[in-house]
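Below: the structure, in structure tokens.
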Amino acid sequence: MAQEYCCASAVEGAESGPHVPFVLERREKEEENWRTAVSHQLKKQCTCSSERAKAQVLGFVPILKWLPRYQLKDWILGDVMSGLIVGILLVPQSIAYSLLAGQDPIYGLYTSFFSSIIYTLLGTSRHISVGIFGVLCLLVGQVVDRELALAGYITESSSNNTTLGLGMGNSTGGPVCDRSCYAIMVGATVTFTAGVYQVLMGLLQVGFVSVYLSDSLLSGFATGASLTILTSQVKYLLGLELPRAQGWGSLVKTWVSLFQNLGQTNLCDLVTSMVCLAVLVPTKELNDRFKAKLKAPIPFELFVVIAATLASHFGHFEKEYGSKVAGAIPTGFLPPQLPSWSLIPNVAVDAFSIAIVGFAITVSLSEMFAKKHSYVVDPNQEMYAIGFCNILPSFFRCFTTSAALTKTLVKESTGCQTQLSGLVTALLLLLVLLVISPLFYSLQRCVLAVIILVNLRGALLKFTDVPRMWRVNRLDAAIWLVTMATSALINTELGLLVGVMVSAFCVLGRTQRAQALELGRAGHRELYEDLASYKGLQSQPGVAIFRYEAPIYYANQSLFKKALYRCLGLDPVKEKARRRKLEKHRRKQEEVAMTTGGEGGTKGKEKELTTTTKVFLPNQVNFHSVVIDCSPVLFLDTAGVNALKEVYKDYMENGVQVFLAQCNTSVLESLNRGGYYPEKGMGEKGRVFFTISDAVLYAQSLSSQNGDCDTSC
């Protein structure tokens, strides 16, 4: 027989009439045997048919689904334009961000090329641009520099005279690996490991984890990492050869090292950096200010790169002034190569944090633009897509990729309709890789550093939003500040972990500091709100109504009871102890009165007793029943059910009835499983009502039947 919850209700409009309860009968749910359930799931997942196979292939390679429906006349122009413009922007940025990742310039172009193609095939977002991303380049660069230092490479100059065998040959003259080669191998191994993590998370269907990385957390992390990126590029602006600081507090260590070596500044690099900054900063501002009027952003970065390369080449900056340049950039593609398996244990932990950041950024941008343009993305498929964007290119010595906000905004604003624009971008990059790349030999590294710094502008401007964030939500602002400060001042990866922990503690803290309210009724409406917050609310005679605005579970069940007792002004546990003490004192006084004998003595002692016991009388309360509004209680665990049992028992011992109102189905199930209801019938325990008004009417009618409407504790 189905379980019956005796949720009583009064006849509408009969507040002073008899109370007419009724019972809702729950639908009986057949609990499936676990073996049957497992067998059903296995059969569902393992059954093979032509339709299922087709659905699996189309789901894994989404381009097969949307390409046959491609609207050539309407979409091709926007896709071609956006692909060309993003490609033009990617050329200088790919070369520049290679510097941040500790790689040679050609590998930034490889990375952008392969990721554009792979995401076009596997991605579900129509608008995001997947490729190099500053924060990930920083994280990869930190791992590369650490492994280089452990391998004995201290500065970049050591690459000219130091080699290291990596098992790629033998001791009798096989191939050896210099600093650049080792850096490439470390970067590719980190990328491969991060991609494996992401694919495994896709297989385990854990795409939902992105919801636990809030916008304030990701924004704070990106801003803190941007400060670290800015600091790491200052040495290139000044033309200094300094090893990247390792360990915690690297930002502070780097600035100390910079100030100690200011005397070695290369004036040619400094002047070039200042000129490029003077050109790019205002032109970036112009692009942002007039983006609504411009059909496409003007590629000032590409113009600066071309001009700086020509000036460096004809001015002989490398020979005459010792300026560091990009160097030889080969054309074509290198043969694929497996990652270094021996390095995977060294970089496994770093690769996991890189995988989480890359996935979180990609999914958040995908969902943001999907919502804006009214379509749906699959987080798990995005995990596969970004994972293979890392695994496959790692064989061609690429480094980690993800979606990038700036290029995605450009892509969207220039008319992108589908990921076909990614193929157009890849074709442009292919042209650069096969023909144009050697022309960037004389490009100064300080120019690349300027391009990186200018692209940090958006993240650094987040500091101006802090006052607004603080006014809107102080907890979110605190999460942003803590994550940013930890990422910048202590350690980038640690900043992400600290941000997640602070976010979790903030959510937990909100349940620990839940509001406890005593409610009153608004006129004759069935509306009950906080007496302290609204005027004109009426307390119900003989009934106290309480609301606790949080779930009740093991971490806050004691706080719930304290809040209830404090709000109603009656702690039944203390009241019970006081009554026991009063009873003990009364009996002692009676014994003293009996031993004195005589009528006069007895009367005197009775007077004394009356005077004495008035001190121990309980506080006068004006209710005989308590109604707990459970509408904000999303769930109960075992500790929460036990807390409600204790509240009921303690108040009943003091003559106060306890009723629950507006419980959701989950709470009702928890009460049933936790034994809150008696086994047979409802009796006097555990009454649950649909509305607060029903509970109040029942409590008042019950008191009237007992002839004690004004009972006080």
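Cβ atoms are placed via backbone N, Cα and C, with glycine included.
Lifted from TrEMBL, the feature list:
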type	residues	note
DOMAIN	533-699	domain 'STAS'
REGION	579-607	region 'Disordered'
TRANSMEM	75-100	transmembrane segment
TRANSMEM	127-144	transmembrane segment
TRANSMEM	182-204	transmembrane segment
TRANSMEM	216-238	transmembrane segment
TRANSMEM	294-314	transmembrane segment
TRANSMEM	343-365	transmembrane segment
TRANSMEM	420-441	transmembrane segment
TRANSMEM	477-505	transmembrane segment
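Residues 86, 90, 93-94, 97, 100-103, 108, 111-112, 115-116, 119, 183, 186-187, 190-191, 221-222, 225-226, 228-229, 232, 244, 246, 250, 347, 350, 353-354, 357-358, 361-362, 365-366, 369, 373, 385-386, 389, 399-404, 407-408, 410-412, 416, 422, 425, 452, 455-456, 492-493 of the same chain sit 6 or more residues outside the transmembrane segment (127-144) yet have a Cβ under 8 Å from a Cβ within it.
Only sequence-distant pairs (6 or more apart) were considered; of these, at least three Cβ pairs between the transmembrane segment (420-441) and the transmembrane segment (75-100) are under 8 A, so the stretches are in contact.
Under the criterion of 3 or more C-beta pairs below 8 Å, with sequence separation of 6 or more, the transmembrane segment (477-505) and the transmembrane segment (182-204) do not qualify as touching, having fewer than 3 such pairs. Take the transmembrane segment (294-314) and the stretches 75-100, 182-204, 343-365: counting Cβ pairs under 8 Å, 75-100 has the most. In summary, the transmembrane segment (75-100) lies against the transmembrane segment (216-238): three or more C-beta pairs, each 6 or more positions apart in sequence, are under 8 Å. Outside the transmembrane segment (343-365), and at least 6 residues removed from its termini, the chain residues within Cβ reach (under 8 Å) are 125, 128, 130, 133, 135-136, 139-140, 142-143, 147, 150, 185-186, 189-190, 193-195, 197-198, 201, 207, 209-210, 213, 215, 218, 221, 377, 379, 382-383, 385-387, 390, 400-403, 405, 408, 493, 496-497.
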